[in-house]
């Protein structure tokens, strides 16, 4: 009987150790999640603030209708570029912007999901029909930057390219 009591106490101590370890890990995970939410969600646009357009009429009306008017100067050294991603290209193409200017890209699609990735930069946006994807960037070096679609959008996907020309 005494041996059983000692064995039970040993198992109980072992279980308490694992319980304490599990609770400590739970608190660590909760702290990490709280830290991530507090520090990595800045700048995320809540769903209610999304800009939407009618994908069936986006080519006929609004700022995406006329490629000649797609690059708009909104302030000193600030531009907004309205980009239409469609199967299988980008409009306007090429996009010409000045070096050092703050560029706000507003990208949408009239047909299917596309990607808008500018090589050599951290611009990488998923473009959904009916929604306007917005991204800001300042090109510090002049040159040509290639836009590629990195979201499969159909049989001509591999040929979907565009160009951004950054002028001095």
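One is the number of the first residue shown, and numbering goes on along the chain from there.
From the backbone N, Cα and C atoms, a Cβ is placed for every residue, glycine too.
Quick look at what Swiss-Prot annotates:
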type: BINDING; residues: 114, 149, 153, 157; note: Cu cation binding site
type: TOPO_DOM; residues: 39-168; note: topological domain 'Periplasmic'
type: TRANSMEM; residues: 4-38; note: transmembrane segment
Original post:
Around the Cu cation site recorded as 114, 149, 153, 157, what other same-chain residues have a C-beta within 8 angstroms of the site's C-beta center?
Top reply: 85, 87, 88, 112, 113, 115, 150, 151, 152, 154, 160
Original post:
Quick one, of the binding-site residues 149, 153, which Cβ has the fewest other Cβ within 10 Å?
Top reply: 153
Original post:
To what whole number does the mean pLDDT across the topological domain 'Periplasmic' (39-168) round?
Top reply: 91
Subject >> Secondary structure of residue 157 (Cu cation binding site) (DSSP, helix/strand/coil) >> reply: helix
